[in-house]
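Undergrad: Starting off with a structure, shown below.
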Amino acid sequence: EEQKRLLGNRPDQPQNPKVLRIAIIGAPNAGKSTLSNQLLGRKVFPVSKKVHTTRCKAQGVITHEDTQLIILDTPGLTNPFKAKRHNLDEAMLTDPWNSMKHADLVLVLVDVSDHWTRNSLSKDVLKCLSQFPHIPSVLVLNKVDMLKKKFLLLEIATDLTEGIVNGKKLEVKSSLKRDSRSSVKPSLHITRAESKVPGSPLGQEKNQAQEGSGLDKSSDAGTGEAQVPKHHEPEDLKDVKGWPHFQEIFMLAALHGEEVDTLKRYLLMQAKPGPWEFHSDVLTNQSPQEICNNIIREKVLEYLPLEVPYGVTQVMEMWEEGECGELLIMQSLLVPRESHKRMLIGRGGKVISRIAQEAGQDLMNAFLCDVRLKLKVEVKG
């Protein structure tokens, strides 16, 4: 009821409100939901090692002083063949595109721990960027902590940007400063000279970041002003690996929150004057039931093998407040086959008990109240 009231109420506007709508796009399982949760400071979006954990477009809201960031956590960019394979609905194909239409800034997330895909942007991501070339974009290299050879970050950054960031060529230095205290610090992000704020902590951090990044933007690319990218047709992208129109590069480890604050401060600085869209107490536009469904689904994905969990249907049987203010939830998980039911329950009920226990803990963290969760498993029909 409180969530409905907050979403229904007119936002509480500060004197000089600023706003930034951010679309986070990338290949499935790049870490988009993990990054969104870290930016929000609470777990709102489902996370799993399996692809397509995020099934719908959801919004997260960060309100800081007079600025509101609206995060559009979109499903991983996919195609009709993969959508059919994973039993995904039509929204999975259209939501990322719809998010782009409303975005003021695009974060393109790349998993640098995946050596098969890290040196080129996926065709779906390139297609998305080329369809909306007027929207500023930022490259975020994620899971940097999992990369043992840090010098590879320079090669990856060069490939993904075609050697150009913010209209300037990248110059790769031969050595990296090493810092044993953090797996990420040898390379923070590439800075734009015009975005530094003299005397501010952010300006200082950006100077340090550029020193340690091992990447310089040389001034031999014309005036250094970012060129407005032209619209590309799909056939033009056939041999393209990177996008030469990124304004910045950030390198972080979203799972551990390393360097996420640096990115967050940058996003707050990019906000433009405009009215807030949500009340300052709103964290997400999802209903509590949607958050609950997503968290349970995340655990089902985590504990069932391969394609099995994509056929599970969730039915909410009970959602009540107990006498002491605790939340009482009962949900049925409907599976297509008896064999799937046995897998989901597990020997002696161990699998379903673990799912209920972990989901219950996440729900308590999300709702900040006691939660009693009961799960039933049944065969459909």
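Here the Cβ of each residue, glycine as well, is placed from N, Cα and C on the backbone.
Sharing the feature lines straight out of TrEMBL:
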- 228-238: compositional bias 'Basic and acidic residues' (COMPBIAS)
- 18-274: domain 'Era-type G' (DOMAIN)
- 26-33: region 'G1' (REGION)
- 52-56: region 'G2' (REGION)
- 73-76: region 'G3' (REGION)
- 142-145: region 'G4' (REGION)
- 175-238: region 'Disordered' (REGION)
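I'm curious about the neighbourhood of these features; can you describe it?
TA: Secondary structure counts, DSSP: the region 'G1' (26-33) has 2 helix, 1 strand, 5 coil.
Looking only at the region 'G3' (73-76), the predicted model's pLDDT averages out at 57.
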